Amino acid sequence: MEDPTLYIVERPLPGYPDAEAPEPSSAGAQAAEEPSGAGSEELIKSDQVNGVLVLSLLDKIIGAVDQIQLTQAQLEERQAEMEGAVQSIQGELSKLGKAHATTSNTVSKLLEKVRKVSVNVKTVRGSLERQAGQIKKLEVNEAELLRRRNFKVMIYQDEVKLPAKLSISKSLKESEALPEKEGEELGEGERPEEDAAALELSSDEAVEVEEVIEESRAERIKRSGLRRVDDFKKAFSKEKMEKTKVRTRENLEKTRLKTKENLEKTRHTLEKRMNKLGTRLVPAERREKLKTSRDKLRKSFTPDHVVYARSKTAVYKVPPFTFHVKKIREGQVEVLKATEMVEVGADDDEGGAERGEAGDLRRGSSPDVHALLEITEESDAVLVDKSDSD
């Protein structure tokens, strides 16, 4: 069997206008010229041609897909760049908005300041206009005064009577008013003489008024200086200083006495309060017991002290019986001194509660020995209790 020769023929695809019809090769021409011997060879050739076409189409598709992927990657890169640019633009816009807000705040503050300044300028302008009007009025008044040549001098003088020469100002007004009226009626030749006389009169009187004013001022200053000197002399004189010293000494003595009295009063009040507190804390019975126990301790610590006879009764309860046992200690009989009656006044009423029971003991002229012994025994018991507690 002969090997069949393969001939690749590229057919133009539909839709490509530049594709030209393939030129038949020499071998293809020979095969076309040859008579078709067998149908199998033609089928094989057509299958091979179709496979080649499919491969070429697949290659083209792969190339197109690669191109599409490249363009897609480029588009993704451009999109990422665009996103970065958009983010940067957004950041710049936010910064711009913040700057705009700050500028708006500053502008509003500036506008408020400008409004305040404008209000102040208006007020200043109004005050300046008022001052200008006042200045104009003053200028007009000054011009009128200069034209009239009338000057009223108001002087304050204390304790000085005004001289009679100052009353000439009224006569000056009348004298100036009369020549003006008469000058209109009289001729032109007489006017200058009267004006000159009036001027001379007014100038002389002004000089006299100034001299009187200067003299009165000098006298007033002199008088005030003399008064001040006299006041200083009186204040710092020896008699005044001695009087002040005596007064200060008297005041110091009074204050010392008052302080002493106050201290005595406070001491008495404090003593009373302390006595009250003592009576509240330690009653009179307890105080007497402590006193007797203290005396007993002192006796016990002194050698060769006198032992007095003493009896003590003890009670023992054994139901249904009670036994009273009396213990008698031998010794000398204690001689007690008779105590006088003590009168309690109104001043001692506050301390009466403290010394109530002590007074009762003092009132007895011949107290019972057994009662005294019982008191001493109770004080011993109190001391024992105190030592146990310590």
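Glycine is no exception: its Cβ is also placed from the backbone N, Cα and C atoms.
According to Swiss-Prot, the N-acetylmethionine annotation covers Met1. The annotation phosphoserine is assigned in Swiss-Prot to Ser36, Ser167, Ser169, Ser171, Ser175, Ser203, Ser300, Ser365, Ser366, Ser379, Ser387, Ser389 (among others). Annotated region 'Nuclear export signal' per Swiss-Prot: 52-62, in sequence order. What Swiss-Prot records for 53-75 is region 'Leucine-zipper 1', and it gives similarity to another entry as the kind of evidence. What Swiss-Prot records for Lys116, Lys122, Lys161, Lys165, Lys170, Lys326 is SUMO2 cross-link, and it gives a large-scale study or a structure entry as the kind of evidence. The compositional bias 'Basic and acidic residues' annotation in Swiss-Prot covers 172-181, 352-365. Residues or ranges marked as coiled coil in Swiss-Prot: 199-282. According to Swiss-Prot, the region 'Leucine-zipper 3' annotation covers 257-297, on the basis of similarity to another entry.
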Inter-residue C-alpha distance, Ser300 (phosphoserine) and Lys326 (SUMO2 cross-link) (nearest angstrom): 23
Stretch-averaged pLDDT - the region 'Leucine-zipper 3' (257-297): 85
Cβ neighbours of Ser300 (phosphoserine) where a neighbour is any other Cβ within 10 Å: 10
Between Lys116 (SUMO2 cross-link) and Lys326 (SUMO2 cross-link): CA-CA distance (Å): 113
Rounded distance in angstrom between the Cα atoms of Lys116 (SUMO2 cross-link) and Lys122 (SUMO2 cross-link): 10
